[in-house]
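Database features, via TrEMBL:
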ACT_SITE  354  active site, nucleophile
ACT_SITE  357  active site
BINDING   151, 153, 164, 212, 215, 247  FAD binding site
DISULFID  63-68  disulfide bond
DISULFID  354-357  disulfide bond
C-alpha cells in the first residue's frame with residue numbers, strides 16, 4: 001500500500017511567513033479558543049437562503065430528480081421546495097446516499113427560533129454597512145451549524161467539477177488559452193500555467209491562491225470527516241487517508257498537491273490578518289454579541305477579544321499594504337475588478353446541488369469576502385477608537401460576523417487536520 005508522507009515546509013510565496021510557524025501558532029494558540037467560541041449560540045446559527053436558482057446554467061443533473069430531492073422541512077417557511085421530474089436516475093442508490101449525507105438538518109426548537117427573532121430585532125436597530133441578500137430574503141432560514149457539520153456527502157463527479165471549473169476558468173483572471181494542471185474537464189496537461197501565474201500582478205496572483213486555498217481546505221474537511229462505514233444503526237465518520245493522498249500527495253497529483261496546501265496556508269494568513277485588523281471594531285463598549293443572555297454574552301465577548309488579541313500577536317502577519325499599492329487610478333480599477341469577481345464566485349455557490357455543500361460554500365465565501373472587506377477598510381477601522389458615536393462608518397452585520405469566524409474556523413481546522421494526517425501517514429509507513 002502506498003503511504004508517502006505529505007510534507008509542506010518553508011517560506012510561503014508573497015509572504016514573510018513559514019509553514020512551521022503557522023502550524024505551531026494555530027494548533028496551540030488559535031484552534032482551541034476558536035472552537036470554544038464557535039460552539040456558542042451567537043456563532044452557531046447562520047441565516048441562509050438555499051433556494052436561490054443557479055444564475056448561470058440549468059440543472060439537469062441526476063440529483064435534481066425526485067429520487068434525490070430533499071424533502072421540505074416543516075418550518076416557518078418552506079426551506080427546501082420539492083423538485084420533481086418524470087425522468088429517473090440511472091444510479092438511484094448512489095444518489096439517494098448523496099441526498100442523505102448532503103441533507104441539511106434545519107430543526108430548531110420554538111425557544112431557539114424565538115430567540116433568533118429577538119437577536120435580529122436587536123441588530124436591526126443599528127445602522128448597517130450593507131444589505132445582504134440572504135439576510136433579507138423571505139426564503140432564508142436559520143441553520144444550526146453544529147447540527148450540519150461540513151463533511152463528506154457523496155457530492156462528486158462532473159456536477160462538482162463544473163462548479164470549480166466555472167470558478168477557476170471564468171473568475172480567476174485567467175485567459176482560456178492557459179490551461180490548469182489536472183483539470184478533469186480538459187485534456188491539456190497545463191504546461192505553462194505557473195509561468196503565466198508568476199507573471200501576474202500580486203493582486204491577481206493572490207486572488208487565485210485564495211480560491212485554490214479554499215478548495216484545498218474543503219477537500220481536507222471531506223477527507224477528515226469521511227463516511228468510513230454505514231449500517232442500519234450508525235454511521236462511522238473519520239479520516240480517510242487514501243482520499244487525502246489522492247488530493248494532495250505530490251506523486252499522485254503530479255506535484256500539484258503541495259502547491260494546493262501552500263495556498264491553504266496563504267488563505268489562513270489572509271483571514272488571520274483580517275481578525276487582527278478588526279480588533280478595534282469589537283473592542284467598542286457599544287458592541288455586544290447579543291443573544292439576550294447577558295452573562296453568557298459578556299463571557300463570549302471576553303473570549304472573542306482574547307482570540308483577537310492572540311491573532312494580533314502573530315509575529316509574521318501578511319502585509320496587505322502590498323496590495324493595490326500602485327497607480328491610484330489603476331489600483332482602484334483593480335480593486336473593483338477584484339470585488340466584482342469575488343461577488344460572482346459567491347453567486348456560483350447557488351449552483352451547488354448538494355444543500356449541505358451549498359450551505360458551507362456560501363458561508364465560507366461570505367466569510368472570505370468579509371475578511372477582504374476588512375482589509376480594504378483599514379482607515380475606517382483605525383479611526384474607530386477616536387470616534388465618540390456608536391454608529392461608525394464601518395459596520396459588520398451579524399451575518400458577516402458569523403460567517404467571518406466560522407470561515408476562519410474551517411481554515412484553522414484544516415491546518416489542524418494536516419497535522420493529524422501527517423501523524424496517520426507516519427504510523428502507516430512504519
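Note: Cβ is positioned from N, Cα and C throughout, glycine not excepted.
Feature map: TrEMBL annotations on the structure.
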residue	record	Cβ within 10 Å
151	FAD binding site	17
153	FAD binding site	21
164	FAD binding site	18
212	FAD binding site	24
215	FAD binding site	18
247	FAD binding site	20
354	active site, nucleophile	25
357	active site	23
Query = Of the binding-site residues 153, 164, 212, 215, 247, which one sits closest to residue 357 (active site) when you measure Cα to Cα?
reply = 153
Query = Between residue 354 (active site, nucleophile) and residue 151 (FAD binding site), how far is it from one CA atom to the other, in Å?
reply = 12
Ask   = For the FAD binding residues given in the record (151, 153, 164, 212, 215, 247), what is the largest pairwise C-alpha separation in angstrom?
value = 21
